Amino acid sequence: MTDYLDRLNPEQRAAVEAVDGPLLVLAGAGTGKTRVLTTRFAHILLQGKAFPSQVLAVTFTNKAAREMRERVAAILGQPAEGLWLGTFHALAARMLRRHAEEIGLTSNFTILDTDDQARLLKQVMEAANIDTKRWPPNGMMGVIQRWKDRGLAPEAVTPAEDSDYANGRGTELYAAYQDRLKALNACDFGDLLLHVVTLLRTKPDILAEYHRRFRYILVDEYQDTNLVQYYWLRLLAQQHRNICCVGDDDQSIYSWRGAEIENILRFEKDFPGAQIVRLESNYRSTRHILAAASGLIAKNTGRLGKTLRSGRADAEGEKVRIVSLWDSEEEARMVGERIEAARRSGTSLGEIAILVRAGFQTRAFEERLILLGLPYRVVGGARFYERQEIRDALAYFRVMAQPADDLAFERIVNVPKRGLGDTAMREMHAVARAEGIPLSLAAARALETGAIKQAKAREALRELLQGFERWRAMLPVEGHVVMAATLIDESGYAAMWQQDKSPEAPGRLDNLKELVRAMGEFESLAGFLEHVALVMENDEAAEGERCSLMTLHAAKGLEFDMVFLPGWEEGLFPSQRSLDEGGEKALEEERRLAYVGITRARRVAVISHAANRRIYGNWTSSIPSRFLDELPANEVVAEGGAQREARSHSVFAGGGLFAQRPRRTIEAGAWEVKERPPKEGAFQVGERIFHQKFGYGRITAIEENRLDIDFEKAGQKRLLDSFVEKA
Ligand code: ATP
Ligand code: MG
């Protein structure tokens, strides 16, 4: 029963069979590192070297853990039970529950999410008389996270590692925060590993227990481990030294989250005599794709360096396609068309992925896929219109469009926090019930009648209601796009995220900008909101295969037949942040991300860039990414896309959120405010039409761009005209 070994090349096989002693597999993308790790797992079990529960296997994502469990089961021919297989966090949490008492928790401790964390930290800071306006708790949270990533408990923070946060009171606050967590029987994410490491360091008997338990340790995506993860692995492995790590320095893309590429060098030092295996055959991608990726990553300095050749039988394949487009809508259209064509010629949707640099980019593609009726999933995140900041902003817009929308009103009345908490809400609800009126009207009444008791709440509510009036008055004069941008600024909503120092905050601000940009494609606020409602309705789970949308970060370790890599423009990819930071370090990490992106493709890689992006009414022209120039010319083929000259005209000269870092804006003023082009051949009542989801039907009424349709199968529906075609 060793045929599973026959599916490996000699180097891979050596890495699988050398089960004892430290081993590091350092190899490029698609060379079978994960396959080696999985096979090694099964091999250890089949050789009787250990029981399933005696192997510790670490993956980077839960998805990877699931896949590894399935693959091990397939090789074993039965489901593997009792495995210690998962992400660092999941495994550490499991260990910590078993010994919680040892560090002053009970085994049912709570794991706080970042909101809880921030709230708790704020309390701690206020108790210490720190001005939390000047020193926002989220900043402190970042500092604490970095200490935890480096394995530093409060007492271990040396002056050299200290931060100047809150005038040097950082460690004091950290200690107080940790005390509060313990008092609440709670942990934050960073604590999971930190506590376990502390435990293993201070309780030799517990460490010994784990030495007996875990005879073998396996680690995937090793290049992205941080220090505390490394310490944990080293503690567990130090006795039997049966640890196998696989990784690729060229795919290290999480340094912003504390990952340390030095862990690779540390490994050789801490485990002297470690075997180093290199794999050089890539089995994933065809030759052109591989050569394009290799050529690109060769521009990075400070690499460990490696050879990579194609190990695929159908090696040559197609060149990497580079498509230049006029704007992002055209880009989304191009991707949609190619996905449809691929599907027609037999590619399963499950084998297609769109990989973006920034989360906001998914919006244009999601809308296109919905329009085409192509099922998709957003991996590692929410669909665009379901993201928290988008739902919040939409709630504000709904209140503008429809003052009686109580649900929307309730969602945003105290977001950002303005002192309109539970008490004020109860008072408003009482008025609404008594008078039988919607909440926003009740709010105004409550102000008049003095039903709101607290002066601070009264003031805040007055200001909010005045805001509502002002923004609503803008609608007929300046239009919904300007209204939206102004509202997001003046309501304090943008500021809320600007002050938020969590790593997700900048992405949320980008999403808000994208939302305003999307609104520009509609004639009215009502039209836009209706579009969103329809898009959301389309979201219901589809059966069968779907194509995947995700960020490049989320794509690590995965592979697809066909990969789209849109938005390769300076300021987007490489990201503006990496450019602002200056220096080669940040840029090299972006280049590694590009390498990860290209190497996800088995057969087809399509890279695209748009010449223009409309940013809140401004057309800005964008410069193609430098990474495009760095791709070896022989491996790529350019397709389509006349580059017309971009003009700029401002429909909105705002500050705040929309104070734009200029990319390259050409002032001209000749550009007309973009009008929605009239749809070719307007629809007529009685006409037969087709809709991707509902099938054939006949138009019974038309109101602006909304159609009432009597579908042959699906019955009566009201839809936007852009969703239906003439039959
Ligand atoms: P990444 O760096 O992207 O994580 P990896 O090194 O982990 O890649 P795998 O995902 O293990 O690579 O393998 C890439 C692809 O090549 C997979 O489809 C795998 O099944 C296939 N593969 C690996 N080794 C072989 C082999 N010896 N023969 C045929 N196919 C192989
Ligand atoms: Mg892998």
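Just so you know, the numbers here start at 1 and follow the chain as drawn.
Placed from the backbone N, Cα and C atoms, the Cβ positions cover glycine too.
Annotated features, as they stand in TrEMBL:
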BINDING   Ala27, Gly28, Ala29, Gly30, Thr31, Gly32, Lys33, Thr34  ATP binding site
DOMAIN    6-286  domain 'UvrD-like helicase ATP-binding'
DOMAIN    287-557  domain 'UvrD-like helicase C-terminal'
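Proximity of the binding-site residues (Thr31, Lys33, Thr34) to ligand 2: a Cβ under 6 Å from the molecule is found for Lys33, Thr34.
Taking a C-beta cut-off of under 8 angstroms and a sequence separation of 6 or more, Gly30 (ATP binding site) has the following same-chain neighbours: Asn282, Tyr283, Arg284, Ser285, Leu290, Glu559, Thr599. The secondary structure of Ala27 (ATP binding site), as reduced to three states from DSSP, is extended strand. Apart from the site residues Ala27, Gly28, Ala29, Gly30, Thr31, Gly32, Lys33, Thr34, the chain places the Cβ of Val246, Asp248, Leu279, Asn282, Arg284 no farther than 8 Å from the centroid of the site's Cβ atoms, the recorded ATP location. Here the domain 'UvrD-like helicase ATP-binding' (6-286) has a mean pLDDT of 90 out of 100. In three-state terms derived from DSSP, Thr34 (ATP binding site) belongs to a helical segment. Counting other Cβ atoms within 10 Å of each Cβ, the lowest count among the binding-site residues Thr31, Thr34 belongs to Thr34.
Within 10 Å of the C-beta of Ala27 (ATP binding site) we count 26 further C-beta atoms, all protein chains included. For Ala29 (ATP binding site), the count of additional Cβ atoms within 10 Å of its Cβ stands at 24 [all protein chains shown]. Less than 8 angstroms from the CB of Gly28 (ATP binding site) sit Asp248, Asp250, Leu279, Glu280, Asn282, Ser294, Lys306, Leu308, Thr599, each of them six or more residues away in the same chain.
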